[in-house]
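> So that we are looking at the same thing, I have put the structure below in structure tokens.
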Amino acid sequence: MLALVVAGVALTLVTGPSLTPPLDVLRVLAGQEVPGAGFAVLDLRLPRATLSILAGMSFGLGGAVFQTLLRNALASPDIIGISAGASAAAVLAIVVLGWSGAAVSLLAVAAGLLVALLIFGLAWRDGLAGARLILIGIGISAMLDSMIAYVLSRAPAWSLQDALRWLTGSVNGATLGQVWPLALALMLLGGVLLLRRANLEALRLGDDAAAALGVPIAREKLVTVMAAVGLIAVATAVAGPVSFVAFLSGPIARRIAGAGRSPLIAAALVGALLVLLGDYVGQHLLPARYPVGVVTGALGAPYLIYLIILSHRTGRPA
Amino acid sequence: MTRLAAEGLSAGYGQTPILRDLTLKVPTGAITAIVGANACGKSTLLRCMSRLLRPSAGRVVLDGRPVQGIPTRALARELGMLPQSPIAPDGITVADLVSHGRHPHQGPLSRWTAADDAAVATALEATRIVDLADRDVDQLSGGQRQRVWIAMALAQETDVLLLDEPTTFLDIAHQVEILDLLVDLNQSRGTTIVMVLHDLNLAARYADHLIAVRAGRVHAAGHPDTVLTEDTVRQVFGVACRILPDPTSGRPMMLPLGRHRTTADPSHRKDAP
Amino acid sequence: MMAAGAPRAAVVALRRRRRGRVATLAGVGAMLALACVLSVSLGTRSVGWADIGAGLLGRTDTMAQAVVAVRVPRTLLACLAGAALGLAGAVMQGITRNPLADPGILGVNAGAAMAVVIGIAWFGMATLSAFIWTAILGAGAAACFVYVIGSLGPGGATPLKMALAGAATTIATSSFTVAILLPRNDIAGGVRSWQVGGVGGAAFDAMLPCLPVLAAGLVLCLMSARGLNLLAMGDDAAAGLGAGIARTRALAALGAVLLCGATTAICGPIGFVGLVVPHLCRLLVGVDHRWLLPFSALTGAILLILSDVAGRIVARPSEMDVGIVTAFLGAPVFIWIVRRRRVRDL
């Protein structure tokens, strides 16, 4: 896995509108001046690759946590509206208020957390039931999506491109300045999540069984969910809601890690790989340039079909 | 005499066969109970007989005609089926639910007639739920709800009624009540009743005809006195037992023997007063 | 046996209910008429009674009369679309035994939208009847797809799994739609405003090709009312009562898809009407589909007309598309339905 991610980074660094020889890339990274390649590699491609990795890891980790906690492979944060709050706020800020830059990102993080809290609040009735949480999230995100569509339909052409990225997610125009907050969040919140792997695996057995195994359920759910939401919100604020990365990473990681072991680390790596490769495909392999979110989003449909085929063959739940 | 029979029936879900070349005859005008261990094919057999499941080989015959060839609605006028877990739509009243039993008697354009009203009212009375007619089905207890479903099957006015475990999830008082109700029905209307039952002793007491199914085949069939033997129980359920005469009905009664507490151990026995 | 002249309390109860429903039907009809009048008279510019009368007679002499001439087809379109969506929602909830079924939630609208966008972008589609049939095709494909995914695994098609499958399908299809639109600036603007869902640009000649499709959908749906009553009791019980389960489902689903597809083709995807209306109607007339379906059509028309009026008034002097109004009205109702149910039913 790690090797694949490294290969993906190398690919991103080497290719652009013009190919840079791998040796030159290494020399640039080592701090040497290479005429013609320095700017492209250090200022364009390196931040882009770093951002892809960090955002992908955040989405993958957050998604796997949600899927594990809610015991449903379809229940990832992008589907149940956790990232919709961040996008809606960002689109509103750009189109209606005319904001740009860091202010938009800050607002997106705040709105993402707020909407997540709203969903949890509405879903709370004698404890947090996964099914209710998922459905209320879907309802809220349907509402926010229609709001986004409305705002975009009223958007002047010049702010449209900027706003559109909040619809699908993109790592275009990444700078190292965007990378630091995300790296910090990933270290802090990702660390919290990784430390709780064992408890999360116990929660997969169901609330009652987990309680019998000595897991304090309410506290554990709250801590892990808040950490995952924070991670998703920060990543969304930086890269936009890169569709389906959170959704796809968990199941793939579980297959790689094997049934018995916690898939969190694998999910983070799969997420990073998905964003890296999705971005690469969108930039270099397709006739037009697409943001990464469109590529990963389009992967979702074949995956759903794959789920159907799989469950027909094995007769097991998808 | 027999109206309903299965001939060389094989069936299953997907690749796994559940019934294997099963043949049986249902005595008309009697109460038949089908018993057997878990996953032996009892419910599958009932689903085949009511045409909910298409057999992979063999056929089910009603009055000499294979049921697969009878139009759905026509079959539903002859043969009623109460599945194991029917769903009561949210907020439906008892009277409305029972009225659905009249569906096979109505054409696509025909209006609700006085005969339909009469059939519904009779079904409500026979199951003693007239007082509940306006209530929501959701609000009823398990026993009352089961009576509502039976009333719906009664409103269908069929000569044959199949029931899949009509007493599951009911406490013992309601189990007896439901079985008594079925006997009433059998005696007053001559309805042929076929039901899957879990409880061997209740089956032996209430049924005129017992069918023991094992591994997709009929292992034994006949009067409970001849079917419910220590040998049959051991072969069908894989448990050793003692058969005693039921002191109230004279029918056989089964006491399972486990590994513990089966010998007469004086330390466990309460002294008789 | 019971005597023929027994008290028959049950029969009396049934008849009482029917009378109550007829009265409610009259009330709902009156409300629809009122909503139409409001829709013609209220808006960014309010008009008086005299102008309405003159406008209805086809005169466009004054500004106000011209406004009426625009609002009449708009009201009619809202009425048709609302009725179609309300009816389709009730039928979909019946087919799937799923209280959360709605053309928007289940991804049917998104499927129709993607099909239309593909038609425009790749095949240069331009005629309205082509839009309609493409939308119907897309709606049908999405409906089948979501239903199959939603019924995977143990427990069959639970409301939760269906909603998730619908949401996932919506995301996947909208990604495709964006992917198609991004390099096509020439059509992107038009499609984007269509995607909000509105009745603003209504004209009589645009509605005409839809009418036969809507009528066919209406007939199919109303015909399946009795079958849906039986399906509500579970497939086994329905089959035991002599219902052709597969046929009932297929015909009713075809009817619902025709209604959704045609509506989406003219108005764009309008969500939540199909979700809210049947629940409202169940409170009014109970669960019998023979009453529920016509009521859902009428109430859907009222809801969409009033939402459209609200959208015109709230955002004065501009107006808000009806699709966003229904989303903001509908999402709270959706949440209320989810909160009301016990967890194990989801």
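Placed from the backbone N, Cα and C atoms, the Cβ positions cover glycine too.
Feature list, courtesy of TrEMBL:
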TRANSMEM  A:46-67  transmembrane segment
TRANSMEM  A:79-99  transmembrane segment
TRANSMEM  A:105-124  transmembrane segment
TRANSMEM  A:133-153  transmembrane segment
TRANSMEM  A:173-195  transmembrane segment
TRANSMEM  A:225-252  transmembrane segment
TRANSMEM  A:264-282  transmembrane segment
TRANSMEM  A:288-309  transmembrane segment
> Establish whether the number of Cβ pairs under 8 Å between the transmembrane segment (A:133-153) and the transmembrane segment (A:79-99) reaches at least three, counting only pairs separated by 6 or more residues.
yes
> At an 8 Å Cβ cut-off, counting only pairs 6 or more apart in sequence, do the transmembrane segment (A:173-195) and the transmembrane segment (A:46-67) clear the bar of 3 or more pairs?
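With 3 or more qualifying Cβ pairs, these stretches touch.
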> Using a cut-off of under 8 Å between C-beta atoms, tell me which stretch among A:46-67, A:105-124, A:225-252, A:264-282 contacts the transmembrane segment (A:79-99) the most.
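So the stretch in question is A:105-124.
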> Which listed range (A:105-124, A:225-252, A:264-282) shows the maximal number of Cβ pairs under 8 Å with respect to the transmembrane segment (A:46-67)?
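It is A:225-252, which has the most Cβ pairs under 8 Å.
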